Amino acid sequence: RLCLSDYSIFSETIEICPEGHNYCFKKFPKGITRLPWVIRGCAATCPKPEAQVYVDCCARDKCNR
């Protein structure tokens, strides 16, 4: 799986996920959708949502844009 570890309208950084990490995710505080508060990466399971933190989890290459 290929996931984004960083993304902007100008560039993106791709991370090759280790074996067994089949999900891409992004998470950020609710109400703030811009960097530097967005965290992206690979995961073996979808991260659990936290209070006041939005989590988006997907299972396609580079789907955590």
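Using the three backbone atoms N, Cα and C, a Cβ is placed for every residue, glycine included.
Annotation for Cys3 (disulfide bond): same-chain Cβ neighbours under 8 Å, separated by at least 6 residues, are Ile14, Glu15, Cys17, Cys24, Phe25, Arg40, Gly41, Cys42, Asp61, Lys62, Cys63, Asn64. Annotation comment: Swiss-Prot describes Cys3-Cys24 (among others) as disulfide bond, evidence class experimental evidence.
Under the DSSP three-state reduction, Cys42 (disulfide bond) is assigned to strand. Among the features that Swiss-Prot reports, disulfide bond is placed at Cys17-Cys42 (among others), with the record citing experimental evidence.
Under a cutoff of 8 A between CB atoms, and with a sequence separation of 6+ in the same chain, the neighbours of Cys57 (disulfide bond) are Tyr23, Cys24, Phe25, Ala43, Cys46, Pro47. In the three-state DSSP scheme, Cys57 (disulfide bond) falls into the strand class. Among the features that Swiss-Prot reports, disulfide bond is placed at Cys46-Cys57 (among others).
Cβ neighbours of Cys58 (disulfide bond) (same chain, under 8 Å, six or more residues apart in sequence): Tyr23, Cys24, Phe25, Asn64. If you look up Swiss-Prot, you'll see Cys58-Cys63 (among others) marked as disulfide bond, on the strength of experimental evidence.
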